[in-house]
Amino acid sequence: MSTLLWLVTVLGGIAVAGWVFRFAGQTVTGNAPRFRDMPYGVAFGYVLGVSILAWAIWYYFQPVTTEQGLPNAGVMFFRWGVQGLIIAMIAAYVFRFLGRLIGTANSKKLFRAMPLTAAFGILTIIIYAIFAIFADAIAPYGQEQIFEQANVLPGGDPALGGDPAHPLGTDQIGRDILSRLIYGAQNTVGIAFATTCLAFALGATFGLLAAVLGGWLDQLLSRAVDVLMAIPSLIFALLLMTIASVWASEWGIPLTIFMVVIIAVIDSTRVFRLARAVGVNIVVMDYIEAAKLRGEGMGHLIFREILPNATAPLLAEFGLRFCFVFLTIAALSFLGVGIQPPLADWGTMVRDLAPFINFAAFAPLAAVTPLLAAGAIALLTVAVNFVVDWMLHRSSGLKE
Amino acid sequence: MQNVLKIILQRLALGLLTLLVVSIVIFIAVNLLPGDFAELILGQAATPESVASIRRDLGLDQSMVTRYFSWLGGMVTGDLGTSFAQLNFQTNLGGTGGKTVAEQIAPRFANTMFLASVTAMIAVPLAVTLGILAALYRNTVFDRVANIATLSSISSPEFFMAYILILFLAVLNPIFPSLSNIYEGMTFGEKLEKTMLPALTLTLVVTAHMMRMTRAAIISLLASPYIEMARLKGISPMRVIVKHALPNALAPIINVIALNLAYLITGVVVVEVVFVYPGIGQLFVDSVKIRDIPVVQACCLIFAAAYILLNLMADILSILSNPRLRHPK
C-alpha cells in the first residue's frame, strides 16, 4: 500500500509543479503566447517528461553494489539497457550517414529521407542475415556440442562462476550458449523465412487466381478462407501440431517440417485475402483487358501484368507476415511443440533458461541469457516493423 | 429500426453457421489421426479385446457422421466427454468417478475470464486516453516516443514482455508475485494481486494496438470540413477532438477494441504458461503435450466460439454506432 501512496504523492507533486511551471512561465516572460495559450495538460506533460528524465539520469549513476556488498541488479540492467539504446542510435546514425555518402544516386536519395528508426531496422536485418548465413563460421562451437561443465554463468569471470572459453556460459546440459544463440539465427529465422515464403507462394497464387477467374472458384476459396480465419491462428496451429505429432512419430518425418507446412497454410489465408483484394482492383484496369484481348495466357496475366502492380502492398505484407510467422514459431517453440531439439532455437532457449531470472537479485549475469534469447526475437520483429512502417508511410504519401 | 434488427439477425445466423462449420473442421482434423483413440489411450498395453472394449465405450465403432452429431449434441448440452488422461487413470487404477472435461474446464474458464476482464478494465481506458492524447499532440516528442514504444511492444513476443515485468516487478522489486497460483477460496483482493502481472503483460500487448488505431481513426477525420469549421469557431483542440471527432471515430475504435478482446481470449495461452496461471490456455497446452484429444477438442471449440462471438459483437456494435446504417434511405 505504501507503494501506492508514494505513487499518488509523486503524481500530485508533478501536477502542482505543472501548474507552477506554467504560472512562472507566464509571469517571467510577461505572458508570451507560448505560455499564455498553454493548456494545463501540456504543462503537466512537460514536467512529467523532465521528472522522468531526471529520475533516469539519477538512477543511471547509482552505485552498482549496495552497502551490504550485494550487486544492485536493477541499476546494472538499467545501465545495460541505456548503453544498448545509445549504441543502437549511434550505429543507426552512422549507417544512415554512410548510406548517404556511398552508393548510387538512387540509394543516396533513399537514405536522405530515411528516419532513424528505419535505418536502425535495415541495419539490424542485415546483421541478422549475416549471422544466419555465416553461423557455421562465426559460432565458436557446434550447436549440439556438449561440454563437461553445465550451467556455467555468463561473463567469463572464473571468480563469478564463469569460464573464459564460454563468454555467455553453458546451458543446463552443457552446450555453449553463445554458439546456440548464433545458430538460433540460422534455425529460427531461416525456418520462419522459409515458412513465410511458402505462405506467400500459396496465398498470393490462389488469391490472384481467384481475382482473375472469379465465379465459383473464387466463392469456394473465399468461403474456405473465411472458415479457416474464424479459428484463432495460434489455437489452430496448436491443435494441428497435436495431430501432426502423432503422424510425425508414425511416419518418421521431423515435426519441424509439419510445423512449417501447418503455419504456412494458416498464414496463407491472410495473404490470400490481401492478394485477392488487391487483385480484384487491378483486374478491372484497361491494360488487363488489353492483355486479355491480345490472347495472353493465365500465367502471363498473373505474373507479368498483375503481380508487378501488386508488389508494393504485397511487399509490406511480407514484412508483417514474417513477423507474425516468426512470433508464432517462437511461441510454439516456447510452449514446447515447435522447433525440436537438438536444433538450437530461441523460443526453446527462453523456456529452458527462464528459471535463471529468479536469481537476478544475487547474480544479475545469470538472468541475462534468457533475456538475450527473448530479446533476439523481439529485436528482429521490432526492426522489421520499423522498416515496414516506413515503407507504408512512404507509399501512402501520408504527411500527418 | 426494423432494418437494423434484420441485419443483426443475419449476422447472428452467419456467426452460428461459422461456428458450426468450424466445429466440423475441428472434428475432421482430429479424426484424421492415424490409428485410433483406443490404441492411443492404451499404448503398449493394447490387446485386441481391450481395444475393442474401449472402442465400444467411446462409441468409436459407429460411423463418423453419427459420432459427429453425438459429439456436437454433447457440446451443446455441456457434456464435453471424458479426458483421456482421466480415463487412463481410471482404467489403470480401477478408480471410479474421474473428472469429466466439463468439470476440468469450468473453473479454469472462469479464471481466464477473470484475467481477461481485469486486463480489459486496465487496457481499454488507458488505450483510448493515450490514443486521444497522441492524436491531440500529433507530431510532437510525445507522439514520436509513443509511436516507437507502441510499435516495439506490438512486435515483441509476449514472453519477452512477461519476463521483463517479472524481472523488474517481481524479482528485483518484489511488488507483485511472479507465480499466479490461484485457487478456490481466495479473497478478491488476493486474487487481484496474483493476477496483476499477467494482466499487465497482456495490457502492454493489447494497449499498443488499440492506441494506434484510436489515434489513426481520429487523425483520419481531422482533415474533414466540419472539423475545420469547429477549429475556426475557436474551440479548444481538446474539445474539437473529444466532442467532434471522437463520436465519428467511434465505430473503428469499438471494432478494434472488440478485436483486441478476442485476441485477449486467445493470446492468454503463452502468458498463462509463463505465469503458471491456472486458466484454460494452460490446460490447452498441457493437453496438447500429452495428446489428450477430447480436452484439446473442447478447448479449441471454446476458444473459437469466444473468438467468433467477439468478432460478431464488433460487427454488430459498429453497425449500431453508424447512423447511416441505422437510418438507411
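Glycine is no exception: its Cβ is also placed from the backbone N, Cα and C atoms.
Under the heading transmembrane segment, TrEMBL lists A:6-25, A:37-60, A:80-98, A:110-134, A:189-213, A:225-247, A:253-272, A:318-339, A:359-388. The domain 'ABC transmembrane type-1' annotation in TrEMBL covers A:185-383.
Within the same chain, the transmembrane segment (A:253-272) packs against the transmembrane segment (A:189-213): three or more Cβ pairs sit under 8 Å, each pair at least 6 residues apart. The transmembrane segment (A:359-388) shares more Cβ pairs under 8 Å with A:110-134 than with any other stretch in the list A:37-60, A:80-98, A:110-134, A:189-213, A:318-339. Away from its own ends, the transmembrane segment (A:80-98) comes close to residues 56, 60, 111, 114, 116-117, 119-120, 122-123 of its chain (Cβ-Cβ under 8 Å, at least six residues beyond either end).
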